[in-house]
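Now, the feature entries from Swiss-Prot:
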| type | residues | note |
| --- | --- | --- |
| DOMAIN | 29-213 | domain 'EngB-type G' |
| BINDING | 37-44, 64-68, 91-94, 158-161, 192-194 | GTP binding site |
| BINDING | 44, 66 | Mg(2+) binding site |
């Protein structure tokens, strides 16, 4: 793997744009990893913990707050040819919010599917699953969509500090078995706690390996 001048997660990240429709997508440049999950799965909190910046991705107690594809990149790059950031993180709209109007849900669904299907620089989607609830029907629907689009994805359990520690290995094994036959699923399942910091280095390393950057911290 090539070395990069700066570690992926050892310096500040910045928000570059929100994408309400494909017309607003940035030009394809650095490799991208995306984060998907049900509303209030802790997606924004995990991104903030991952980069060590509390206010980067906006968190909210209101489900369905993220309605766009939100792009984040490491700071310190001009974005011009020869000075591109090594990667981008894409925070995807949360799904499964029962109170969202159907028109809004349809809009999110189209945006997400079009992005997944047509983004050549997208290397992997990290699908976040609340460790207290496991894989639910809406999650299965998203995994079906990713399998259909042939987009590589990896399951990341969140909020493991909310369950008893001895339950985590069992949950990891059960989750791995549930996705074993899915064609686009990466076999390793990760567990994380944004609150305690557990598993964050494992996720950072996984992302570094995915985008081909050896120096991730």
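For all residues, glycine too, the Cβ spot is worked out from N, Cα and C.
Around residue 37 (GTP binding site), a 10 Å sphere centred on its CB holds 28 further CB atoms from the protein chains shown. Here the Cα atom of residue 93 (GTP binding site) is found 10 Å from that of residue 44 (Mg(2+) binding site). If you take the C-beta of residue 68 (GTP binding site) and look for same-chain residues 6 or more apart in sequence within under 8 angstroms, you find 18, 19, 20, 93, 111. Within 10 Å of the C-beta of residue 43 (GTP binding site) we count 25 further C-beta atoms, all protein chains included. In the three-state DSSP scheme, residue 44 (Mg(2+) binding site) falls into the helix class.
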